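Per TrEMBL, the feature Mg(2+) binding site maps to Asp454, Asp460, Glu463, Glu464. Residues annotated as domain 'TRNA-binding' in TrEMBL: 39-148. As annotated by TrEMBL, domain 'B5' applies to 401-476. Taken from TrEMBL, the feature domain 'FDX-ACB' covers 701-794.
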Amino acid sequence: MKFSEQWAREWVNPAVSTEQLCDQITMLGLEVDGVENVAGDFTGVVIGEVVECAQHPDADKLRVTKVNIGSDRLLDIVCGAPNCRQGLKVACATEGAVLPGNFKIKKTKLRGQLSEGMLCSFSELGIDIDAEGIIELPQDAPIGTDFRQYLNLNDKAIEISLTPNRADCLSIAGIAREIAVVNKQSVNRPHFDVVPATISDKIDIELVAPEACPRYLLRLVKNVNVKADSPMWMKEKLRRCGIRSIDPVVDITNYILLELGQPMHAFDASKVVQPVQVRLAKDSEELILLDGNTAKLQSNTLLIADANGPLAMAGIFGGQASSVTSETKDVILEAAFFTPLAIAGRARQYGLHTDASHRFERGVDFELAHHAMERATALLLEICGGESGAINEAVNEEFLPKVKKIQLHREKLDALLGHHIETEIVTDIFERLGFDVQYENNVWTVTSVSWRFDIDIEEDLIEEVARIYGYNSIPNNAPLAHLRMRDHKEAVLDLARIKTALVDSDYQEAITYSFVDPKVQSLLHPHQEALALPNPISTEMSVMRVSLLSGLLGAVLYNQNRQQNRVRLFETGLRFIPDADAEFGVRQEFVLSAVMSGTTSNESWNNKAESVDFFDLKGDLESLLSLTGVGNKVRFVAKTFAALHPGQSASIELDGKEIGFIGTLHPSVSQKLGLNGKIVVFEILWNAIANRNVIQARKISKFPANRRDLALVVADEIAAGDVIDACKQAGGEKLTQVNLFDVYKGIGVPSGTKSLAISLTIQDNEKTLEDDEINAVISAVLDEVKQRFNAELRD
């Protein structure tokens, strides 16, 4: 939320600087994000009146004016603004004035005419108002007054971040309460008289859904001049809070929103058929919103309606049909308490987010509506005139929130804070916060207030004491506790070790959203159902991920769009698989995923950059698996996946169970995703590989190793990995290593077959092997591959 410092100081004005005030606000838990000037740095600008305005004799777009600034003579000023005219009150920069950017005003001649100053626009004074031409001030603006002083421009706009539980601070009143408490001052609320009814007209109300809206107020104001201009002071306060002026009725409701924290709405009375109903939407109902979009209403949406249908989405957005226009004569003002449960998430269902819904879904003071209605009526009559009827209030006490009585025990307060605060100080803090408090037998009994929805349990009261007393006032004490050493399980692999290994291999860790685009996910996993979110942030983030690939590939695309083609990313996290047998109908699996694109290495004069392929990523994965206790048990089995290239994809298996997949992204999928080049990916279940063998030392054999090379001819469809596994099984303990070092097809090898060149390393730890022992191992290997694969030795 952004607010004006000077507006807040109208309510409470402690003797502290802006910087000190911001520090106080931050330490109260309302984090200050930024502070900015509300206008540029300028001097020498005063309020003037254009007494004469004539066409420049030598320039079509210039006018020659005489301006009264309250001095002993009129100033001659040449102006090019199209809205310059006689009788206009303006902001006049006099000779010697300095405007933003160190622009100095000097006496000069423009096309032969003397100009002794400058009539300024908002932008020329560094004021963020989108208006063409020079500034037009109200007719009651006092001539000769310093313009900066007139608009109180020595002000700061302070922006704060609020946690969802502190909706009470989404207003000047709420912020002022907090500042007053910490500075031990009282709040100076603006005074206004209760508006008496001057007409007998009332708007009837039917409270059909009291559980969602237990309090609803309407007031009719007739003969309103909606073409009146909002006062400059109101426009400026709205601007400094980030809201632009629209018309006086909208400006007043926005002003009440910012000042008191009560969202309000206004209807054109001529477009409303009594009674006004507060009810839930019916099936197939639609509402054309103020922005012109049509909302197809869902049955859980709370509406304001009449006999003709919906008028507005309660607490969210108004309808076009009942909106106030320049032709409106009679206005119905609305103030209500909509329960947070009735509003929470509803705006997001329709892709909306409004200031009203932001407040109602967090909780608005349920005692505020009547006060806000009186304040808004007083402002409306002051600015637009008119005649006011009485307030009609429909209320159901059963569904209104109840203020709570909470007990705070002295022992628990001291234990959680680690510091003893005097009883009188604690009691005073609660009283300054507006709570009713009693202390007896080391227990405070505290009654909460209507604007604090977050005060619910004993710990909430302790938090209030700590933040008002001041976290910096609580001394630092070393914790007193028995410390135990954490057991280090050597048989469990630390995830950080895997991450470090990946980083050492030139990968970077990515963290992506668990909410993904359903279109992208269905492209990658067309046969896997996904969990849809009931209230998605956006349509592009409306389902839970069934794999980490959606996010990783999105990150690759983001990098490629910024000329970063060599990308190596990994991520660990949960994937969410619908499963009727699992708790809550979803199986959560922790996985490790990685993606590789671009070249194998950075471009270099002595190293030809080659595109990555399946085996580059497979090699990196095998290096990771070597750190686990299952590295020698994992097998890569050729398998086709919908999003992967056939012939360049495999399932990752452990003990016959699939624990992941690896492969090259299918070119058609890459094209649909907008990706360039070859993309290789893998994903593997972390729990399947998290265990590792405890390292055991063993002697290195001092006896010579014997290498024998075999060229085995097998059918094309036989996987080399299967042949290697067969060799290992047949060779026994003496066969210490099996390595594939060549694959050949061509002359000398029958069609439909291939030659696998395999090296066998044979060694014994106890002795030097004889030839017959070596030959026995080789014979066993040959017999096994002959029997299983009909393999033949190549001549």
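Each Cβ is built from the backbone N, Cα and C atoms, and glycine gets one as well.
Automatic prediction, not curation, is the source of TrEMBL annotations.
Keep in mind the model is a prediction, meaning the values are calculated, not measured.
Features per TrEMBL, on structure.
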| residue | record | contacts (Cβ under 8 Å, 6+ apart) |
| --- | --- | --- |
| Asp454 | Mg(2+) binding site | Asn165, Arg166, Asp168, Asp460 |
| Glu463 | Mg(2+) binding site | none |
| Glu464 | Mg(2+) binding site | Ile429, Phe430, Leu433, Ile455 |
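Those same-chain residues not listed among Asp454, Asp460, Glu463, Glu464 yet with C-beta within 8 angstroms of the centroid of the Mg(2+) site C-beta atoms are Asn165, Arg452, Ile455, Glu459, Leu461, Ile462. When pLDDT values are averaged over the domain 'TRNA-binding' (39-148), the model yields 94. Broken down by DSSP into helix, strand and coil, the domain 'FDX-ACB' (701-794) contains 31 helix, 32 strand, 31 coil. Across the range of the domain 'B5' (401-476), the DSSP-based residue counts are 33 helix, 15 strand, 28 coil. Residue density at Asp460 (Mg(2+) binding site): 17 other Cβ atoms are found within 10 A of its Cβ, drawing on all protein chains shown.
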